[in-house]
Amino acid sequence: MTSQEIRQHFLDYFSSKYHHILPSAPIIIKYDPSLMFVNAGMNPFKEYFIGKKKVIYTNIASIQKCLRVSGKHNDLEDVGKDSYHHTMFEMLGNWSFGYCIKRQTINWAWELLTAVYKIPIDNIYVTIFAGSNKEGISIDGGSQFFWENFLKKERIISCKKEHNFWEMSNLGPCGPCSEIHVDLRSHKEKKNKSGNELVNKGHPQVIELWNLVFMEFFRQFDGNLEELSERHVDTGIGFERLCRILQHKDSNYDTDIFSTLIRKVEELSNKIYGFNPYTDIAIRVVVDHIRAISFAIADGQNPSNAGAGYVIRRILRRAVSYGYRFLFQREAFLCQLIEILVKEMGIHFTELKIQNKLIKEKIFMEESFFFKTINKGLKRLENIIQETKVKKQKSIAGIKIFELFDTFGFPMDLSRLLATENALVIDEVGFKRELKLQRDRSRNASTFQTDDWTIIKETNSIEDFVVYDKLSLYVHLSKYRRVKKNRSIYYHIVFTTTPFYKETEQVGDKGVIENEKEKISIIDTKKENRIFLHIANSIPQSPEKAFQATVNKFRRKSIEKNHSATHLLHYAISIILNDVTKTDSYARQDSLRVDFLYPKKLTFHHIQNIEGVVQEMIYQDLPLKESISLPNSIDKDSEKVRSIRFGPIVELCRGLHIKSTREIGSFKIISEHYVGSGIRRIEAITSKFAIKFLNKTQESYQIIIEEMNRSSNPIKSIQIMRQDNKIYLSKIEALILKEIQRLKTAWVLKAKYHNHYILICEKTSLDVRGLKTIALALRIQNTEIIIIIGSVFDEFICVAISDKLIDIYGVSAFKILKKVSTMIHCENDNKGLSMTKVKTISKLTEALKLVHSWNETDFYL
C-alpha cells in the first residue's frame, strides 16, 4: 500500500463515518503566541477544546502537517541519528467536539486498523489509564470494557498517568487516553518474549501508533480536576510510523515517503544509503529537513534571523552542513530535491505545487549564501580541535563552540560529531551558558511586559472591523491592558467594533476616540490573536462610556493609495523582469516598498520601464473590483478571503484600496537595492509625496547648473570635474606615501633601543589610514619593535607589535593600548595591531608622554 493510498483510505474511512474532512492548517501558527509551529494535530482546534469558540462540525478528520523543532517538543538534534525522529511529520487525526463516546471511537480505530489497513490482530496491544489515587480518578474501565470486545485481557495493559493521561498544559482540558501499539518483531522473537512486556519500554519494533484521548476533565489553576460539561475526543496517528508498519519496513526512512528523495540524494552525492553510518545520518538529515523547510516556506515562513524564520534557517543550515561534510556537496543541492518532493507530496498538499517556484528560489538563495561561510566554519572547528589536542585537553571549551554556532551558523550536533571523531568532548554546560547569556542579552535589549486584560464588556474573541468606507462610528471598550516596553508605558485597547484598520501589509490606522468629557489619541492599530489592538498612551477615565472613534482620513487615504500602488508595482516588476516572485510588500503614509527575488541589480532602463507600466495603469483609471468568499474552515468566524482586481491585476488581499487607480496620481521610484538572501527591494512614493520629490529634484538640478556656471551640458562638466579630482587625489596619495617613507626613516633613527625591543613613540599629522600603513610597514620591517603612534588629524592612537615579541614575551598591542588609554573605549582585541579613537588631542599627548616614562617591564603585561 503506497503512502498516497494510506492517506486516502484514512480520509475515505472517516468521511464514511460522517466526519467533515478538513485540509491541513498551515504549519506556521500566526494566532497563538505560545507556539511558533503546529507541533500536534490538535493545535488548530485548541480554542474549541478550551471553549473559546464554537464549531460548525461536531466530527472532523484531517491530515495535519506538524513541525517539532523548538521549545519542549524539540526533536531537531535527534533527527538523522535514528530511524524514527523527524522535524516535519504528518498527523492523521479525527475529533469529536461536545461529546465523548468511547465505544464508537474505539470501534472506529479498530475497524480502520484491522479491516481497512489489515494489520494482524496478533500484532496489536493497547494501553489504558490505570487511574490515580492522588487525583481521585479511577481506572478507565469504559475503555477496558470496549477493548475486551476485540482483544484478550493480556493485550490490554493498564498504565500510569505519565503514559495514559493527556494534558494540554498546566491549565485546561485533559483526560485519560488509550494508546494502540504494534509489535513488528519476528514470530521467533514474539515467542521468546511477550509484547506486553515491551510496550512503552522504548523497543524499536514495539511502537506506539495511535493515541485516543478522551477529554473529560479541566485542570484548574489550583491543580484540581473538574469534570467537563462538554467532553471531546482527540486522536492522532503518526503517518510515517503507519507507513512503516503497512509497508513492512525496518525504518520510517525505508518507506516510499522518503525512498525517492533518498535516491535523488544518492545520485547527487554519488553515495549509497545503507553502507556507512555517517553517510546514512547525513542523507536522513537532508531528506527530512527538505520537507520541513519546503512546507514552512510554502506556508509563508521564509528563513530569517529572528523567531520562526530563524528556526527554519537553522534547519536549512543543518542540512547543508551535513551535505557539505559527509556528502561532499560544494554548491546548492537542496533546491534540486524540490521537484521530487512536489511530485510525491503535492498531490495531497497542493500548496507545494502553488509555491514550487518560490520554494526553490528561497532555498537556492539561502544555500548559496551559507556555502560561502560553511567552509570557514569547518576550518575554524578544525583549528579548535587541533589547539585542544596540542594542549592535551580532552574537552573543547563551550564558548568556542558557541562562537562557531553564533558566527557561522554551524550546527551544535555536527560540532559534537566531529569532536567525537577526534576522541574529544564538548563542554556542553559552557555552550548552554553562553547561549543563555546571548538570549538574556537579546531579552534585556528590549524588555517587554504585558499586564492582564481588564474586562469592561464581554465580547467575541474576534473583533469586527465594520466596513471599509466608514471612518467614524460609536464604540464601547471591551477590554484594555497596560504594556511596558523598555521605559515606555502605553495601552492596548479593544473595542466592541471599530473603524480602525490594523497593520498588515500596510501601516495601521491612527485617529482619536472622544466623547463630551475626554479625548484619547490612537497612535497605532495592530492585530494579535485575531483581535484589533488600538494603541494609546493613556486610557479613558470612564472606560465604560461610549466614544466616537474617528480615523485620520487624510492619513488613511495616503495609505490606501500606497497600498494599491504596491499591487501595480508588483505587476509591473513581473512584466518587465518576467514573472519574479514577490516576497513582501509594505505601505506607509509617505512611501511604499515591494521585495522580490531577483539575482542582480536592476538597470536604469528596468526602473524606467517599471515606472512606465505603473504610470500607464494610473492613467487608465482602472476601477477596483472586489469579491469575497469564506475559506474552507470549521471556524464560522474565520477571516474572509478577499480578491481585488485592477484591470489585469487579480490578487488576494485584505488591505485597504482606492476606488480607481487614477486616485494614486503621480508615482516615482526612489530606490532599488539588495536587502539579503537574494531579495531586492524597490521603494517608491505617490501622490503629493512624489510631486514634492520631483520639485526638490528639480531645485537640486537648478543649483547644480548654477554651480556649473550655467553650463549647457552640466553632466559633461561634472564628468570633467571628477576626472580632475581623480588626478589631484593620486598626486596627494603620492605625497602621503613620500611622507610615510620619510617618517619611517626618521622615526627609526630616533627610536629608543632596549635590551629586547626597539620603541617608537611619535605623533603625526597623517590620517588614520596613513597611521595604519606606517605602523604595519614598521612592524614587518623590524622583528623586535613596539610602535605607538598617534594621529593629531583624526585623533587616533595606534599600537603595533612585531610577531617575535608576541610569541616570545607575550607582548600584546591591545593590552598596551588599554593600559595607555584607560579612559578610551577600545574593542579591537588584537595582539599584533590595535587602534582606537581618543577624546581629544590633549589625551593623545598624555598617552604618548606616559609611554616615554615606562621601563621595560611595563610592556610585558
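Heads up, the Cβ atoms here are built off N, Cα and C, so glycines get one too.
Unlike curated entries, TrEMBL annotations are predicted automatically.
Summarising the annotation, TrEMBL assigns Zn(2+) binding site to His563, His567, Cys653, His657. The Cβ of His657 (Zn(2+) binding site) has Glu560, His563, Ser564, His567, Leu624, Ile644 as same-chain neighbours under 8 Å, each 6 or more residues away in sequence.
Annotation comment: TrEMBL describes 1-696 as domain 'Alanyl-transfer RNA synthetases family profile'. Per-residue confidence over the domain 'Alanyl-transfer RNA synthetases family profile' (1-696) averages 88 (mean pLDDT, predicted model).
In sequence order, Glu505, Ser564, Thr566, Ala587, Ile644, Glu651, Gly655, Leu656 are the residues of the same chain, not among His563, His567, Cys653, His657, whose CB sits within 8 A of the CB centroid for the Zn(2+) site. Here the Cβ of His567 (Zn(2+) binding site) has 26 other Cβ atoms within 10 Å, regardless of which shown protein chain they belong to. Of all Cβ atoms in the protein chains displayed, 23 besides its own lie within 10 Å of the Cβ of His563 (Zn(2+) binding site). Other Cβ atoms within 10 Å of the Cβ of Cys653 (Zn(2+) binding site) number 20 in total over all chains.
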